Amino acid sequence: MSVKTQTITVLPGDHVGTEIVNEPTKVLKAIEAPTPYQKIQFDFKHHLIGGAAIDATGVPLPDDALESAKSSDAVLLGAVGGPKWGTGTVRPEQGLLKIRKELNLYANIRPCNFASDSLLELSPLKAEVVKGTNLIIVRELVGGIYFGERQEQEESEDHQTAWYRPKYTVDEVTRITRMAAFMALQHNPPLPIWSLDKANVLASSRLWRKTVDKVISEEFPALSVQHQLIDSAAMILIQNPTKLSGIIITSNMFGDIISDEASVIPGSLGLLPSASLASLPDTNTAFGLYEPCHGSAPDLPANKVNPIATILSAASMLRLALDCVKETEALEEAVKQVLDSGIRTADLRGTSSTTEVGDAIAETVTKILKQNT
């Protein structure tokens, strides 16, 4: 059996980020054992990012971390930020924005579903409202207002003005539309596509809508796309989330907001993974950065954070970047079994610690893989 070595750059980041990256690396080490599919080895390279990097080097993304990421098969990130670093000139979040831009991670993929039906009762919405919710948000990640021209208050002549310009090009919208279409076509039948914008107000949204229509009609005629204003979609997501089941495609800022809104539907931010991709995963080898949806949670006690979002991010990495589809399925099943067994952290009304949940998932995925040998 041949050995495939995958190099993973690990960027713990700040606060709980330093804890949660230990659990997926533990689980991936468990998967290293021979399986009926292939022999895998992981080579983990740890580097600083965010506030920890600022404290150590003065910058939120040191050159060695960026170079390691560029030379790796994938990047696993914890979380960045915290009140210690405030909103000063040098901020932890700048490291995240820079690595996205430098690695051309133009598409952020965030699912919103229930890892197990046993979690339905934990949703802040009624179980009968959220049951069956299964949507994937495809967010454009390196364009729009976050990367547009800007003027800070202190840069204006009267010190009373600050602005950003939300800008999109046809090429930027075209490639994110193709990503959404690819994701839709991975299902049989293909999933519907919802495009969220503010075309009744913003010129950039009108270009967005026109381009999405053109790409879908000319390149993917078998797919359907419906347009929804972002404010209306935000209401629908709470009133009737299953209506938006399918693929949601939207711009950088709108995606930032709507994906966070969607992330609370399953009951905890600690459940949902995220992948930021630099290319279509059409050969299951798309380079990307994988991270949980939640932030650095600086107020959370040690060993109390839910590691499942980060572990499922590693599962996405196995599927999309490393061509380990069977291992991904085994890991997702292991997460479901552990949740159903009642081994849960406090955010899921459990009493288990971060490491206990990680240990249980590592042990369970090992058993599942051995059963298939």
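The first residue you see is number 1, and the count goes up from there.
Using N, Cα and C of the backbone, Cβ positions are placed for all residues, glycine too.
Feature annotations, reproduced from Swiss-Prot:
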type	residues	note
BINDING	82-93, 295-306	NAD(+) binding site
BINDING	R100, R110, R139, D231	substrate binding site
SITE	Y146	site 'Important for catalysis'
SITE	K198	site 'Important for catalysis'
BINDING	D231, D256, D260	Mg(2+) binding site
Return the count of C-beta atoms lying within 10 angstroms of the C-beta of G82 (NAD(+) binding site), excluding that atom itself.
21
If one measures from the C-alpha of K304 (NAD(+) binding site) to the C-alpha of R110 (substrate binding site), what distance in angstrom results, rounded to a whole number?
23
If one looks at the chain holding R91 (NAD(+) binding site), which residues at least 6 apart in sequence have a CB under 8 angstroms from its CB?
P60, G81, W85
Note on Mg(2+): the CB centroid of D231, D256, D260 has further same-chain residues inside 8 Å, namely I230, A234, M253, F254, G255, I257, I258, S259, E261
Based on the record's binding annotation for substrate (R100, R110, R139, D231), what whole-number value in Å is the widest Cα to Cα distance?
27
Of the recorded positions listed as R139, Y146, K198, D256, D260, the one whose CA lies nearest the CA of G88 (NAD(+) binding site)
Y146
Using a 10 Å cut-off on Cβ-Cβ distances across all protein chains shown, tell me which of the binding-site residues (R110, R139, K304) has the largest neighbour count.
R139
By a 10 Å Cβ neighbour count, the lowest-scoring of the binding-site residues G88, G295, P298, P301 is G88
So of all those binding-site residues, R110, R139, P298, P301, which one's Cα sits nearest to D260 (Mg(2+) binding site)?
R110
For the C-alpha pair, I'd like the distance in angstrom between P301 (NAD(+) binding site) and R110 (substrate binding site), rounded off.
27
How long is the line from the C-alpha of R139 (substrate binding site) to the C-alpha of K198 (site 'Important for catalysis'), rounded to the nearest angstrom?
15
Spatial neighbour of R100 (substrate binding site) that is closest, considering only the recorded positions K198, D256, G295 and their CA atoms
D256
Relative to the Cβ position of D256 (Mg(2+) binding site), how many further Cβ atoms are located within 10 Å?
16
